[in-house]
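Enquirer: Take a look at the following structure, please.
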Amino acid sequence: MPPHDDEQQQLLANRLLDSNEEETAYDYSDKVHIIGVDEHDGEDFTEAPPFSWKKLWLFTGPGFLMSIAFLDPGNLEGDLQAGAIAGYSLLWLLFWATAIGLLVQLLSARLGVATSRHLAELCRDEYPTWARLLLWIMAELALIGADIQEVIGSAIAIKILSRGFLPLWSGVVITALDCFIFLFLENYGVRKLEALFAVLIAVMAVSFAWMFGETKPNGVELLVGIVVPKLSSKTIKQAVGIVGCVIMPHNVFLHSALVQSREIDHHRVGRVREALKYYSIESTAALTISFIINLFVTTVFAKSFYGSEIANSIGLENAGQYLQEKYGGGVFPILYIWAIGLLAAGQSSTITGTYAGQFIMGGFLHMRLKKWQRALITRSCAIIPTLIVALAFDTSEKLLDVLNEWLNVLQSVQIPFALIPLLCLVPKEEIMGVFKIGSTLKVISWLVAALVIMINGYLLMDSLSSAVSGVLFASVVFAFTGGYVAFIVYLILRGITFPDWFVKNKSITSIEN
């Protein structure tokens, strides 16, 4: 074995010992055991073993949990509005936005697998206390914003399925309780919980595929929309919404923790390479399915409402009713098909949100709490404001849509505080070892990050420009914006690794002065 590989083996061993000294994302007994499966005597420890379908099956799961964030009610609302207002013209953007999301999530998985620690834990060690706490607050705000959308989406579905008998606030309570019941499955093994998510994704796929079959979108226009880029001033807001929904801040933290649910022999470089290979395959498959589901939703509303008078007024709460009025009852009313798909999206995303909240809180604050205690704290942080929202906006669809737009803005402004730490960590050899990303991937990743941040910056400025009025309010917004930009610049500069020649020249200059 070459000396360099000996050093990498020792680096991995030391990192594994360090990670065992503190609380980990998963206890040993909770992990899916991979070690010993399809192993052979005399194998090269530095190379990944041959492909195995059995191992792919064992590694399958974390990517599908991660993909739920691409299918939450906020994304579905973005899909239906893009279809109703822009028709098929933004399908190409949906495809490339999903590809961008895949790149970010693969980097997150790479970080978790290579270090045996998740992003929140690494941020705790990487940044000073004030920056770490600020990053934690930003992550929690993003999570609360996403959770409000997800729980409200479930509550809307419950209201539809109960024919209005259960008001929005009661749907919020039911969703909160359901989340604890579903998380109880984790006590029977992580594979049981992953199986539940597989069922919920299947429910979404069947529901929205049924709607696709009922409405019969134009196949030629669909293919042209995917292949031919097209953007106009009238659809810029929907385009920004599609890209903005792709990277969910809490999902970046979540995926780096989920991949640790598999027992990997970190003493062998080849086994880590193998894990990265299988996680890449299953994440790609999961996001391909999520793209198809989002495609179904967008094309259904493009076929049904593009160019109509009601296109600009369609939202989650009235979408099913509009479909029902257009297509009638049928064997199974399309209103209830929509509600079932929406319920599956809301329930699954609230569980992953709670899951992410546990990792974020435990990682940043190093809190040693039992799982149910962390779940209770995380749920309470989101459910209380959601109940307030449900009680305040239950009777107004228009106000609910306005709130949803501002929640999208809230999550958009938090994206840099998950994305920048990730991109600063994955190129560092002292953290990633041999698994650090190369210069080409680093440049591509930063260009993609800059694009996403600028797009979401446009969404923020557009929203604020229409809302800011008065000198005092404008001054406060300006001050917060200045602090926001300054913190982003701080994170970027802290993560820059200067070349050796630059550091030496700087030292010589300092001595001469």
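A Cβ is built for glycine as well, from the same backbone N, Cα and C atoms used for every other residue.
All annotation found in TrEMBL is predicted automatically rather than curated by experts.
OK, TrEMBL features for this one:
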- 91-113: transmembrane segment (TRANSMEM)
- 133-158: transmembrane segment (TRANSMEM)
- 164-183: transmembrane segment (TRANSMEM)
- 195-213: transmembrane segment (TRANSMEM)
- 239-258: transmembrane segment (TRANSMEM)
- 279-302: transmembrane segment (TRANSMEM)
- 335-356: transmembrane segment (TRANSMEM)
- 376-393: transmembrane segment (TRANSMEM)
- 413-431: transmembrane segment (TRANSMEM)
- 443-461: transmembrane segment (TRANSMEM)
- 467-493: transmembrane segment (TRANSMEM)
Enquirer: So which of 195-213, 239-258, 376-393, 413-431, 467-493 is most in touch with the transmembrane segment (91-113), counting Cβ pairs under 8 Å?
Expert: 239-258
Enquirer: Is the transmembrane segment (413-431) close to the transmembrane segment (467-493), in the sense of at least 3 CB pairs under 8 angstroms with a sequence gap of 6 or more?
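Expert: Contact between the transmembrane segment (413-431) and the transmembrane segment (467-493): present, because at least 3 Cβ pairs are under 8 Å.
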Enquirer: Using Cβ atoms only, state whether the transmembrane segment (376-393) and the transmembrane segment (164-183) have three or more pairs under 8 Å that are 6 or more apart in sequence.
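Expert: The transmembrane segment (164-183) and the transmembrane segment (376-393): touching, yes.
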Enquirer: Quick one: do the transmembrane segment (239-258) and the transmembrane segment (164-183) reach 3+ CB pairs under 8 Å, ignoring pairs fewer than 6 apart in sequence?
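Expert: Answer no: the transmembrane segment (239-258) and the transmembrane segment (164-183) share fewer than 3 Cβ pairs below 8 Å.
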Enquirer: Under an 8 Å Cβ to Cβ limit, what residues of the same chain, 6 or more beyond the ends of the transmembrane segment (279-302), are close to it?
Expert: 56, 59-64, 66-67, 70-71, 75-76, 79-84, 86-88, 90-91, 94-95, 98, 101-102, 105-106, 109, 113, 201, 204-205, 208-209, 211-212, 215, 217, 221-222, 255, 259, 314, 319, 323
Enquirer: Could you tell me what the rest of the chain brings near the transmembrane segment (413-431), counting residues at least six beyond its ends with Cβ under 8 Å?
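Expert: For the transmembrane segment (413-431), the nonlocal Cβ contacts are 104, 107-108, 110-111, 115, 119, 122-123, 126-127, 135, 138-139, 141-142, 145, 247, 249-250, 252-253, 256, 437, 442, 445-446, 449, 452-453, 456, 460, 484, 487-488, 491-492, 494-497.
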